[in-house]
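Asker: First the structure, then my questions, so here it is.
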Ligand code: ADP
Ligand code: MG
């Protein structure tokens with residue numbers, strides 16, 4: 001019974017805790033050195049540490065954790081030791097174990113865990129192995145070893161498969177279960193080697209033929225590996241169980257072969273765990289701004305760790321070698337590795353400078369997995385039998401010493417360069433794709449904005465153009481309207497001043513087509529007026545009839561109604577007629593301008609030019625001196641030259657024609673010319689000549705230029721502005737006789753300028769003038785003749801003044817034959833100009849020879865006789881008489897004047 005009391009700890013225990021072995025004191029001091037969290041849930045603390053820094057050079061301090069497990073009495077013990085108390089008494093709540101020396105004396109030891117005979121396999125796993133497994137999952141190496149006398153339950157604790165009763169599963173199966181539950185199959189891998197170490201030989205339990213596996217140690221890292229061992233990849237628990245079964249079968253077979261017991265060999269299960277993890281993101285301060293965070297992507301890392309589960313050989317032999325004084329050699333031969341392990345643990349516990357790791361294969365194999373940088377748990381198994389008290393005490397002391405072994409956990413991880421490269425590649429590809437997407441989006445956006453901007457710009461431009469066009473048209477209409485009104489006013493004024501005689505004058509006009517037009521318009525007007533009068537008469541008649549009816553009081557309402565309708569009809573008719581009259585009047589307006597010019601020309605005895613000024617400028621002077629202003633001039637004063645000139649550029653062809661006519665009419669009056677030229681009228685007219693598009697415009701423009709060319713100052717301006725070549729071009733390509741007449745008139749005016757003689761010739765003016773005779777129209781010929789006369793007169797003047805000498809440029813240009821031919825032209829104006837020209841040419845000896853040869857002498861002689869004008873007759877006579885050559889030729893021909 002006492003034994004019960006002992007077991008229950010209620011016996012006469014003298015020393016509450018006997019600490020004869022310094023281990024007790026030390027064990028408590030070891031405890032105080034442990035990190036605060038280093039209880040059984042230390043795993044989480046390790047995880048934190050490991051994730052905080054992948055550089056584990058510093059490591060996590062700790063020590064080998066030791067648990068003691070008591071096997072329940074077996075059947076034999078229950079019978080044999082029935083009268084004896086157990087040799088140990090457990091105080092699991094105090095984590096103490098009392099080892100009885102005798103009935104009254106016991107020694108108490110503290111362990112990290114004290115597991116009673118009732119401790120479940122699950123609990124054993126959780127307190128002994130789970131922290132190590134968690135640590136392995138975090139990347140540390142870890143070891144769980146079972147140490148104890150044969151038959152105390154090492155294999156029961158570690159290796160039970162629990163096939164029939166899952167609650168019986170040992171640490172190996174449970175560890176694998178936990179590992180499998182925590183890894184990611186896609187990125188992580190688990191492989192297993194199962195070995196047996198017997199008599200310093202390592203056998204492969206997964207491949208029995210492989211019975212001498214060597215240990216390889218990496219001198220740099222200290223990592224231990226068995227390259228010759230079979231590594232089996234584990235994907236699930238059943239395959240692992242199968243593997244354990246296979247290993248166990250091979251172990252039994254091998255031991256039978258070697259004639260040994262499994263208790264004399266060490267079974268070593270190595271689980272290799274390879275996990276992919278990400279290092280921490282590291283914030284790097286940039287050079288410029290220390291606060292900015294440039295986050296370096298996390299590094300891909302591979303953590304390689306190893307869980308070693310060792311079912312050690314029975315410790316009884318070692319006990320014996322120590323306690324029973326066996327020879328060391330013998331002990332060595334029995335189990336060298338286990339004794340070496342004990343020595344190493346002792347050395348480590350004593351902090352000895354030398355740890356004899358190399359003494360055995362087991363210690364070499366556990367080099368990186370026991371103490372040192374690994375997390376280690378040791379479970380010491382004991383039996384309750386007092387008969388094995390010595391073995392039990394020895395086991396307890398082994399465990400106590402192991403508790404003093406400190407270790408420094410170091411995580412084993414390395415960069416996974418391959419996966420880093422792969423990951424960076426994927427990231428790069430993603431970034432490239434993203435960049436491309438963004439670039440595309442950006443380009444699209446730019447294009448869209450551009451398009452939008454273009455659309456807006458064109459819309460604004462369109463609106464602006466429309467508005468401008470509208471405004472321009474409006475202004476143009478207004479100008480035209482005001483011009484029209486003014487014209488009407490002028491006609492009214494003109495009528496008042498000129499009475500009926502004007503109409504009479506008009507009838508005498510000889511201008512081509514104008515008289516007919518006027519007559520026709522006049523006829524129409526008279527007809528309309530007549531019709532109007534008739535209508536008025538009719539209305540009056542009806543009115544008086546109505547009055548009669550009314551007076552008479554007779555006649556029905558129907559008659560009155562009929563008359564009223566007739567009356568309304570008449571009124572309507574009248575209105576229409578009035579409108580037609582207005583239209584006719586406005587048509588007459590333009591004719592009036594032209595008629596006005598015509599009238600003045602006729603008054604001057606001209607050839608009926610619509611545009612005066614082709615003859616003597618004196619006619620204008622006369623007009624302007626005559627006191628009254630022409631209708632066009634009045635218009636000019638009222639409207640303003642600029643406005644009229646602006647109309648020259650109108651887009652409406654009719655407006656342009658009308659405007660150029662008005663300008664031409666204005667230019668016919670000397671008083672207006674200066675203002676026209678000042679306002680750029682000459683340039684505008686030359687432009688019209690250049691941008692020839694309409695014969696009327698060209699004709700009228702040429703006429704206006706001809707008018708302006710009467711003025712000496714304008715003549716020079718025309719030259720400067722390239723007028724000669726423009727006129728020459730027109731002279732060569734125009735067909736219309738009236739256009740040619742205007743051009744010839746303009747050139748003829750220029751021919752009268754002394755200063756322009758040479759330029760006129762050099763720029764082709766003379767040639768152009770002479771070229772126009774191809775058109776046989778007398779009006780054109782007359783202007784050509786006038787030009788020749790003007791030119792000859794200037795030349796003659798220059799020669800007389802000694803400014804020039806030599807033959808006439810006209811003769812040089814080949815004008816003489818045409819002059820001679822037309823000297824007796826039927827048309828009086830042509831004849832007169834040529835007679836004058838011949839006289840001028842004859843005044844200089846240099847021309848005489850050519851003139852004689854060309855037959856001009858005969859013409860001159862004829863002039864002296866036939867010319868209707870006395871002054872020319874005598875001029876010709878004087879000229880011939882004053883020339884030696886002519887005189888001698890006349891003598892030779894016997895001509896007498
Ligand atoms: P060892 O491997 O240390 O030589 P075993 O594990 O083979 O010892 O155990 C010896 C015997 O004791 C086995 O029959 C086993 O079932 C039994 N045994 C061991 N430990 C316990 C325990 N905790 N509970 C019940 N039976 C146990
Ligand atoms: Mg065993």
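Note that Cβ sites are derived from N, Cα and C of the backbone, with glycine treated the same way.
From TrEMBL, here are the annotated features:
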type     : residues                               : note
REGION   : 1-54                                   : region 'Disordered'
COMPBIAS : 1-13                                   : compositional bias 'Polar residues'
COMPBIAS : 22-38                                  : compositional bias 'Low complexity'
COMPBIAS : 39-54                                  : compositional bias 'Polar residues'
DOMAIN   : 63-405                                 : domain 'Kinesin motor'
BINDING  : 148, 149, 150, 151, 152, 153, 154, 155 : ATP binding site
REPEAT   : 639-681                                : repeat 'ARM'
REPEAT   : 680-723                                : repeat 'ARM'
Asker: Is it possible to get the count of other C-beta atoms within 10 angstroms of the C-beta of residue 151 (ATP binding site)?
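Answerer: The Cβ of residue 151 (ATP binding site) has 20 Cβ neighbours within 10 Å.
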Asker: With DSSP as the reference, give the number of residues of the repeat 'ARM' (680-723) in helix, strand and coil.
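Answerer: Its residues divide into 34 helix, 0 strand, 10 coil.
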Asker: Check the binding-site residues 149, 151, 152, 154, 155 for any whose Cβ is under 6 angstroms from an atom of ligand 2, and report them in sequence order.
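Answerer: The qualifying binding-site residues are 154, 155.
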Asker: Determine which residues of the same chain, besides 148, 149, 150, 151, 152, 153, 154, 155, have their CB within 8 A of the center of the CB atoms at the recorded ATP site, and list them by sequence.
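Answerer: The answer, listed by sequence position, is 71, 146, 156, 263, 314, 381, 383.
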Asker: Given the binding-site residues 149, 155, and counting only Cβ atoms in the protein chains shown, which has the most within 10 Å of its Cβ?
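Answerer: Max Cβ neighbours within 10 Å, all protein chains included: 149.
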Asker: Rank the binding-site residues 150, 152 by how many other Cβ atoms lie within 10 Å of each Cβ and give me the one with the fewest.
Answerer: 150
Asker: Over the domain 'Kinesin motor' (63-405), what is the model's mean pLDDT?
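Answerer: Reported value for the domain 'Kinesin motor' (63-405) is a mean pLDDT of 86.
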Asker: Are there any residues in the same chain, six or more apart in sequence, whose C-beta is under 8 angstroms from the C-beta of residue 154 (ATP binding site), and if so which?
Answerer: 146, 147, 148, 311, 312, 314, 379, 381
Asker: Let me make sure I understand the structure: which of the binding-site residues listed (148, 153) has the fewest other Cβ atoms within 10 A of its Cβ?
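Answerer: Least crowded of the binding-site residues 148, 153, by Cβ count within 10 Å, is 153.
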